[in-house]
Amino acid sequence: TCASPPEPSRLLLRDLLWLFLTSALLAYYIYTPIPEDIGEPWKVMLLSAGFRTMGHLAEVMDQLGLMHYMEVLTLITAAEYVAPTSDENVTVMDTEFSNVAVRLYLPRRVSDGPRRAVLFFHGGGWCLGQAGTLLTPLTSGMKSYDQLSRWTSNLLNAVVVSVNYRLAPKYHFPTQFEDVYSVTKFFLQSSVLSQYGVDPDRVCVAGDSAGGNLAAAVAQQLLADAEVKTKLRAQALIYPALQPLDLNLPSYQENANKPILSKSLMVRFWSEYFTSDSSLREAMALNRHVPVEYSHLFQFVNWSALLPAELKKGHAYTSPTFGSPELAHKYPGFLDPRAAPLLGSDERLRGLPPTYVLTCQHDVLWDDGAMYVGRLRALGVPVTHQHAADAFHGAMTFVLGPAKLAVGQRLLSSYIEWLNENL
């Protein structure tokens, strides 16, 4: 005999049960505790869930050997290519400086004299991003970096050079640094500055996250380059990554699972900057990647000496646990000041131009920026340190479309205002 079909009431009950279970699992996955001082928490929660989903998918694909972790993120986050589109305020074009792709933003407004200029290096962990796209999931219509450069050019009546440096995993350090440095050095030639109507006394470098790292490294290197006669007027570092020696700073501990940039993802970005060899990532995750022969470098990242008391928050400093020298010999980049600007000597830092540093409360990189601020101030470098107590890493890119956040607009306005007053 055939079994009789389920009664309609039982079918309805089963469907409701599946709906409840699916909704509960979805809510559990999406829900992330958001600090009380972060505004628009549900929007931030959804954005965080989007990034977390991307990371989980990339991890699965990588573990199955189907695609490299960073290649998956690149595929997911790559927004539709944004053509260099001019408008009534800014002329936009793609070209090359010193064989490196750049996007130029040239203001149309009449100027009484030579213009200011900003060399901008985008973020993305040295692995992701383009000058004309963004890195934000769920918001593929946004054009964060393109819009940021467009606003900068128009509001400051400045020439903006946004650099499309080569990325990991195809290229590792020092390629990213060399690309942005060669563009900067090319642009600072008097003939090039004259071609674009730029005042040689009003040029700055700027960048966010990994781009802030590159901007800081470029500013340091220029001071040691006798071939470069033009000096930077300023540098602007937006939640910069400045050292991979100690990846267990108080900010790494407190913000390990905060929105957008987790500790594990930052460790992966750092390791991928130097190699795709997973042994370096594993050692960095344990904070055991620096050999004892380089112990002298820890003086430059000793948070117990460099952070103000309010940032230590009861954390106890412990001496570093040293690792095998093999990794440092194979991948010496993580000990190089060009990759880790906080490792620069006092002599290397002393002549730096006026500096803007933005740090965020809920960011693993907060202490990097704070330590750099302390070192620069101790050496007499003029520093403006803006700390956003209600912000997380990447907040300044959320300024358009459905993911627009009030905190992002506020941070962007402060950055533009500082450039206007100091460049």
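Indices start at 1 and increase along the chain as displayed.
Glycine too: its Cβ is placed from the backbone N, Cα and C atoms.
Curation does not apply to TrEMBL; its annotations are automatic.
For reference, TrEMBL has these:
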- Ser209: active site (ACT_SITE)
- Asp363: active site (ACT_SITE)
- His393: active site (ACT_SITE)
- 118-282: domain 'Alpha/beta hydrolase fold-3' (DOMAIN)
- 335-396: domain 'Alpha/beta hydrolase fold-3' (DOMAIN)
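Per DSSP, the domain 'Alpha/beta hydrolase fold-3' (335-396) is made up of 24 helix, 18 strand, 20 coil.
Comparing His393 (active site) with Asp363 (active site), their Cα atoms are 5 Å apart once rounded. The average pLDDT for the domain 'Alpha/beta hydrolase fold-3' (118-282) in the predicted structure is 92. Within 10 Å of the C-beta of Ser209 (active site) there are 29 other C-beta atoms, taking all protein chains into account. If you measure from the Cα atom of Ser209 (active site) to that of Asp363 (active site), you get 11 Å. Taking a C-beta cut-off of under 8 Å and a sequence gap of six or more, Asp363 (active site) has these contacts in its own chain: Tyr239, Ser251, Asn255, Lys258, Leu261, Ala391, Phe392, His393.
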